[in-house]
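Asks: Starting off with a structure, shown below.
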Amino acid sequence: MKNYRVYLDLSPLKRYFGPKGRYEEVNPYLLTDVFAVNKSMLQPPSPQCKQLHMTALIRHGTRYPTTKNIKEMHQLYNFIISNSSSEKSWLLEEWTMWYTEDMDGRLVDKGVDELKHLAVRLSKLFPKLISEEKLRAGLIKFISSSKHRCINSTLAFKRGLTELWDIIDMCFEHEVNNALMRFFDHCARFVQEVEKNPTAVEELDKFKTGAEMRRVQEKMANKLNVTHNNVTYDMAEAAFFLCSYEFAIKNRNSPWCQLFDEDDAKVMEYVSDLREYWKRGYGHDINFKSSCILFHDVFERLDKAATQILSGQPVTNAATIQIGHADTLLPLLTLLGFFRDTEPLKSENYASQTKRAFRTSHILPYAANLVLVLYDCGEGELRLQPLLNEKTVAFPGLSVQQSSMPLYADVRERYKELLQGCDFERECQLFKQPTEN
């Protein structure tokens, strides 16, 4: 029997963990220095451009599995116990179940550190916007989902700043706003047509029972020395989750990872991408139109800052930090047109989607963030720079010349139809009224 050992290097698999991946896989330089930033990427077109407002939409940090996932992990663990023998108990010798149902998606210490460190890095990148002076003056606003992992991520972000500036004489409030940060719960059409509708994810279900997934399950069965039909999709998913959570939470190459090779990990990532595509991405228009309320909130804030700048008034909101979920961020990114592939993700086109743009491992790690920074470049010239996970991105549909830091007027023109429409109440009605001519 092969002697399986635990090694810290998990390079073949760690790139494919989807929304359960580490932020460091997107920005590997942080493994060397958690406070490292790349100021050269900002590159405003003129030295006179000044940062005057920022909106940051941030996913919570690394968390424990949810109760549902933990139950599935226990079922897999118990299956292996009941089917193990002295010859095939290598996995049990190296690992003992330690997840409990009360962990239920709570933020882990690593997640606290991620948000504290992100706060420091954003203050280094944008010192005119996130500063002790602005914080003390109440010019930095914090908004969170009501979920404990988001509240605790918000507290961690604030603590990153107060510890950075040694602030001990003030506390800073945050607003809990589920209408903005959990809009998907409040969109009746999304809940009925997608969230509670099994047929909305039929492409995902087809892939789960397809040839690629069967091969993963068969290879896993061989490594566990059990018959092929004993290993179900749910077991393979639970094992892959165990591999990813152990790495994200403990930086450990768990023995569960020994059940997969890189080809298997790519298949498991595609499962994750199919799920996100059809439940939160381009698969159904209500997935992203449910984020209309957040879209308008962001642009209303940008418009207010722009109006204040152009009228010579001080900007009353230097930065707004909004902390939610992967399910908050992905629909908004989709609404804005990011990461759209020519062909939709489907069960039968796995082989042709190897170079797809829609890769949740790249887009949505823990602590993923979309940052929008408004610049005043003088003489009425306002520019908006988007950053995703601390990297420059281009608004889809704008020319290359406009891409890195386009004129704010061009961005508004690009999204004119959404700004004039995209009505949350109307889009989320179960029976939409016809649009008047």
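Every residue gets a Cβ built from N, Cα and C, even glycine.
So TrEMBL has the following annotated:
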DISULFID  Cys49-Cys377  disulfide bond
DISULFID  Cys243-Cys257  disulfide bond
Asks: Return only the integer: C-alpha distance in Å from Cys243 (disulfide bond) to Cys377 (disulfide bond).
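Replies: About 48 Å separates the two Cα atoms.
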Asks: Applying a 10 Å Cβ distance cut-off over all chains shown, what neighbour count does Cys257 (disulfide bond) have?
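Replies: Within a 10 Å radius of the Cβ of Cys257 (disulfide bond) lie 24 other Cβ atoms.
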Asks: Could you tell me the C-alpha distance between Cys257 (disulfide bond) and Cys49 (disulfide bond) in angstrom, no decimals?
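Replies: So the Cα of Cys49 (disulfide bond) lies 49 Å away from that of Cys257 (disulfide bond).
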Asks: Counting Cβ neighbours within 10 Å across all chains shown, tell me which of the disulfide-bonded residues Cys243, Cys377 comes out on top.
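Replies: For the disulfide-bonded residues Cys243, Cys377, the Cβ with the most other Cβ atoms within 10 Å is Cys243.
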Asks: Using Cβ-Cβ distances, find the residues under 8 Å from Cys49 (disulfide bond) that belong to the same chain and are at least 6 apart in sequence, listing them in sequence order.
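Replies: When sequence neighbours closer than 6 are ignored, Cys49 (disulfide bond) has Tyr375, Asp376, Cys377, Gly378, Arg383, Met405 within Cβ distance under 8 Å.
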